[in-house]
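Have a look at the structure below before the remarks.
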Amino acid sequence: MSALLRQIPANIPQDIRKIRIENSHLTELPRGSFENVSALEYLWLNFNNITVIHIKSLEYLPALKELRLQGNKLSSVPWTAFQDTPALKILDLKHNRLDVLPEHALRYLPNLTYLDLSSNQLTVISRDVFYGWPVYQRSKKGDGHIEDISNAVLALHDNPWICDCRLRGFVEFIKSVGPPIILMNSYLTCVSPKFRAGKFFHEVELNSCMKPLTSALETNLTVPVGLNVTLTCFVQASPSPAVWWTYALKLLRAFNVSTEPISEETVRSELLIQAVRPADAGNYTCTAANFLGNSSETISLHVVSPWSSTPSLNWDPVAPAEPGAHVQVRIAKQTVYGITLEWFAAAAVAADPSETWYTLLVGRYDAAQKDTIYIGPGVNTYSVTDLLPATKYEVCVAVRNQVPHKGQCIVFVTGSDISQLEQREKLIHIVVIVCAMVLAVPAGMYACTAEAHPGCLARCPGACLRLRRGGQAQAAGSKESTLDSLPAGSEDGLCHPKDGHDARRPPAHEEPGKTRPPHRNSADLY
C-alpha cells in the first residue's frame, strides 16, 4: 500500500495466490506482467494511475478469479485479454474513464458473477453487448431451471447516459432484465438531452433513429433594404442533429445562428441577418446531419429597394406631396465632375429620423427620366459623382417616394474640363517666373556698372569678340536698350568699339591730380 512502485515486481514467489498493490504509481500492465505467478487467484490494483493494459498482460493466469482495477485512468480495456482468464468471476472497473463498451466486450467472460462499470463515462451502449454475454444466453435457455444458474450482479449507475434513439435497445434491456442478472442499482438516470435530464430509464419511451429531414415555411423571401431578416429552418431527426448554415459555400458565423429543440424529434434553427443589404441577397442553405446521414434546405433571399415596385418618377410633378413633407436642399460642395448635397427635413417629416427614408432624383436638366437613389434613415448628405463637365443638371430630394416640390430641386452646371484649369495654372506659373526675373535684373545691372566696372571690363573682350563675329555691333546712341536686351546690355554696353570710343558715353579723361581707384576683382563685390 502506498509504495513507490512503477511496475509489477519481478521477484514475486510462484506460489502467491493474492497480490494487492494500491495507491502506488503503476501506469501500465505490460505484456507478461504475471508470467511467473500462474497460481494467482486475486489481483487488486486499485487507485493507481494505470492507463494502458496490454492485450497479453493477463497471460499465464488461468486460475485468476478476481480482478479489481477501481480508481485508475483507463479509457479503454482490451476485452479480448480475458480469453486468458476463463475462471474470472469478479471484474471491478468502477471510477475509470471508460466511454465505449464494444459488442464483444462480455463475450469472453462466461463465468462472471460480478461486473461493476459504474462511475465511468459511458453514454450509449448497444443491447447486443448483453445479448452476447454467455451468462444472459444461459438464462434464456434455462427452460425453467434458473436456480441452476449463478446470479450475476451488474452495476451501471452513475454514467452520463444520453437517452435518445441510440439507447433504445439498452433501455428495453434494463426494463426487462431479471434473475439471474441483478442490477445493483436499477434506477439508471438520463443526463441528456435536456428535456429528459433527470428521468429514470423506466420513465422514458424512446423512438427509432431517423435520418434528418429539413424543411422551411418559406423558401423564397423578398425583403426591403435595411430590415432585420430571420431565416428559419426546421429539422426532424433522431438523434438530435448538428445544424449549420452556409452562404456561397461559406460557413456562416455561429453567433448569428440559434438552434433549439421544439419537440422530442424536431429542431428549429434560425439565422439572423441584421440590416439586410443588397449584397446579402442569395441562397442560404440549412444543413442537418447525424450518424444516419444528412439533409439540407435552401432559402432564396431577394433584397430590393423599399419602393422598387413603384414606377419611375417623372421629373415634373404629377401629384401633390403630402402636407408638411418639405425638404430643404443645398449644395455643400461642388467639383468638376460632381456635387455633394445636404438636406434638412421639416419637423413634421423628421419627427422620427430613424424611420424617415428619402428619394433622390438626379439627371440632366432636359432629361425626361431621372435616376432614382434611395437614402436610408439617419442620412442627410449624399455625393453625386461621375457627372459630365460643363453640363446642366437638376437634382431633387423628397421624402420616401413622394413627388418633390419645386423648392426641393436644385439646377446647377458642372465645371469645365480639368485640362483648362491645368493650362490656367501653367500660365500663372510662367507669369510668376517672368516677374521674378524682371525684378532681379536692375539689381544685377547696378552691381555690375556702379561697383564692378573694372571687373566687368575683364570680361568685355570676349563679349565684344562675339558681337563682331555676329555683325551685331551697335552705333553709339542709336537706340535705347529694351527690357529683353537688358541682361546682355549689362555687359556689352561696357565694351569699347575697335576705335577706342565708347558708343554709350564719351571717352573718360583722367583729371590731373586724381588717382585711379585700385583694381577690384569680382570676388570683392561679395
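Cβ coordinates come from backbone N, Cα and C, glycine included.
Taken from TrEMBL, the feature domain 'Ig-like' applies to 212-300. The domain 'Fibronectin type-III' annotation in TrEMBL covers 325-417. What TrEMBL records for 475-526 is region 'Disordered'. For 493-514, the entry in TrEMBL reads compositional bias 'Basic and acidic residues'.
Over the domain 'Fibronectin type-III' (325-417), the average per-residue pLDDT in this prediction is 77. Secondary structure counts, DSSP: the domain 'Fibronectin type-III' (325-417) has 6 helix, 45 strand, 42 coil. Residues in the domain 'Ig-like' (212-300) partition by DSSP class (helix H, G, I; strand E, B; coil) as 6 helix, 57 strand, 26 coil.
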